[in-house]
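These notes concern the structure reproduced below.
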């Protein structure tokens, strides 16, 4: 795919963007197969492909330049500020809104934060889009709350022009470092969450809750996990590192008992809301550490099936040992880091790998998602 940013050397994030998509996926699939060399896999399923452009639902923009001429984007390798409002990973409506937000910052007269001088107010603009509704969550990451009055002054005009913006907040990040967000979130709209819908499952996104950045591929990931889980007809499921509940809520129904564990409390609030909306009554979502949760559970109340979707660091030996001890009929492991996945698979004992499938969640990069089915021997 042609990208002017990449060709100019301004943004090199999509390091494989000049390769045809088919070749990108082929390289990733081969990398995955090579990692599993020497490990028995019953069935390799065909990779799930992504759209080439317009697939990304989240923009994280550094605010650069000056109050009279702000730039939303990044600093290129030469140290120059570059606007990324026309990045082709974003849908067209998102690109339009990003351009408007550059004007918004200018009209509000908010000085961009300078890390080198520890001066300024506006650090980042974070924009998230719901694919199902086209609505947006807009967050301003500020050094202090001093600029909020300026944002509120210009906000009515912005919301009139873009009624799709349903949630606006200011995140206060006072530390003089390039840290993405702080602890304090101030809502500037009545709405405090963004609704998404994948495969007719309502999912909610709060400012600090994690959500996949490629919703079309995420929908296929959840749907395929649902199909794999259905084969086992489980009565009781654990969904560890459950986030906003994407996997568990796709796999549960009114007859299945589901326990979802996630350390981020905002994500748990979203998962509970989704379960309520679906009418599920045998669901328990809790804001806990997944490893500590598993260690504290009784073997008399063990699940038939466990779903895990850990961060890049993986599960770790302690949690893998717990999974082996509970010995569910099956484990569905979704990973964004195949290297930590391989380490974890060495620690999980008593299982055979029956299915592996790659999902091109992050096109034009070296990264991908992989779904693995482990069945009890």
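Indices start at 1 and increase along the chain as displayed.
Glycine is treated like the rest: Cβ placed from N, Cα and C.
All chains included, 22 other C-beta atoms sit within 10 angstroms of the C-beta of residue 87 ([4Fe-4S] cluster binding site). Swiss-Prot lists 3, 11, 14, 87 with the feature [4Fe-4S] cluster binding site.
Feature annotation from Swiss-Prot assigns S-adenosyl-L-methionine binding site to 212, 241, 262, 309. There are 23 other CB atoms within 10 A of the CB of residue 241 (S-adenosyl-L-methionine binding site), with all protein chains counted.
There are 19 other Cβ atoms within 10 Å of the Cβ belonging to residue 336 (active site, nucleophile). The active site, nucleophile annotation in Swiss-Prot covers 336, and the record cites sequence analysis as its basis.
Applying an 8 A CB threshold to same-chain residues 6+ apart, the list for residue 14 ([4Fe-4S] cluster binding site) reads 3, 6, 89, 363, 364, 365. On the backbone, the CA of residue 212 (S-adenosyl-L-methionine binding site) and the CA of residue 336 (active site, nucleophile) stand 11 Å apart. Put simply, 336 is the one of the recorded positions 241, 262, 309, 336 whose Cα lies nearest to the Cα of residue 87 ([4Fe-4S] cluster binding site). Secondary structure at residue 336 (active site, nucleophile), taken from DSSP and collapsed to helix, strand or coil, is coil. Annotated [4Fe-4S] cluster site 3, 11, 14, 87; additional same-chain residues within 8 Å of its Cβ mean position, judged by their own Cβ, are 5, 6, 13, 17, 84, 88, 89, 364. Between the alpha carbons (Cα) of residue 309 (S-adenosyl-L-methionine binding site) and residue 336 (active site, nucleophile) lies a span of roughly 8 Å. Annotated pair residue 241 (S-adenosyl-L-methionine binding site) and residue 11 ([4Fe-4S] cluster binding site), C-alpha to C-alpha distance, rounded: 32 Å.
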